[in-house]
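Asker: Sequence annotations record features per position, and here Swiss-Prot assigns N-acetylalanine to 2. The compositional bias 'Basic and acidic residues' feature in Swiss-Prot is assigned to 23-40. Marked as region 'Disordered' by Swiss-Prot: 23-43. Sequence annotations record features per position, and here Swiss-Prot assigns domain 'Reticulon' to 68-253 based on sequence analysis. Feature annotation from Swiss-Prot assigns transmembrane segment to 78-98, 99-119, 173-193; the stated evidence is sequence analysis.
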């Protein structure tokens with residue numbers, strides 16, 4: 001009788017343990033499901049958003065950071081407005097007033113030298129110490145740094161042009177030809193100085209506006225690029241793939 005009582009108690013304990021295990025498993029599974037269904041953080045969602053040209057850095061970093069990026073993005077409004085104002089004054093002076101660059105440089109030098117000459121003689125006449133004119137010289141290391149950076153950019157451009165001329169990349173060839181054609185068309189509308197001024201104004205407006213509205217611009221840009229890729233694939237299939245260059249490249253590949 002005692003043994004049967006012990007067996008029944010043992011069965012009840014094992015049954016209670018099974019029920020407790022099932023409850024525990026259900027709680028753990030529900031908690032894991034809730035973790036999976038938990039919405040991602042805003043930073044993670046923002047990281048997955050498409051950015052224009054596939055960039056992963058902020059606009060400030062893309063522009064190189066430092067003072068130039070601060071000027072283009074209007075971090076310091078007074079400095080940015082001053083730079084844009086000086087550029088506008090130069091453009092008005094040369095284009096609208098039709099002042100010549102060589103004449104401007106000569107007149108500025110004449111005015112500066114005359115003012116310093118008269119000031120130095122006036123101080124000597126009044127027995128005062130003449131004004132200190134600082135020595136101006138370009139450091140060799142800075143000059144070599146600029147020349148080296150320019151040389152690297154030119155060499156990289158020559159490598160790209162050579163690879164295009166050898167017919168290795170038809171897509172790049174068409175893009176470069178189209179870009180040069182666009183530049184030639186724009187060059188017929190404006191002279192060089194006006195074109196430089198327009199680019200300068202664009203650099204002072206477009207990055208700043210894009211940084212403010214990038215969350216609205218990027219989805220539109222993503223859709224546009226997808227449509228362009230679709231059209232390019234159709235063009236590649238119907239036209240480019242039938243060209244002798246493309247077939248020769250496929251055979252060599």
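Cβ coordinates are placed from backbone N, Cα and C, and glycine is handled just like the others.
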Asker: Compute the average pLDDT of the predicted model within the domain 'Reticulon' (68-253).
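Answerer: Averaging the confidence scores along the domain 'Reticulon' (68-253) gives 85.
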Asker: Residue list, the transmembrane segment (173-193) vs rest of chain: Cβ under 8 Å, 6 or more residues beyond ends.
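Answerer: Here the qualifying positions are 91, 94-95, 160-161, 164, 167.
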Asker: Who are the long-range neighbours of the transmembrane segment (99-119) in its own chain, taking Cβ under 8 Å and residues 6 or more past its ends?
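Answerer: Residues 93, 130-131, 133.
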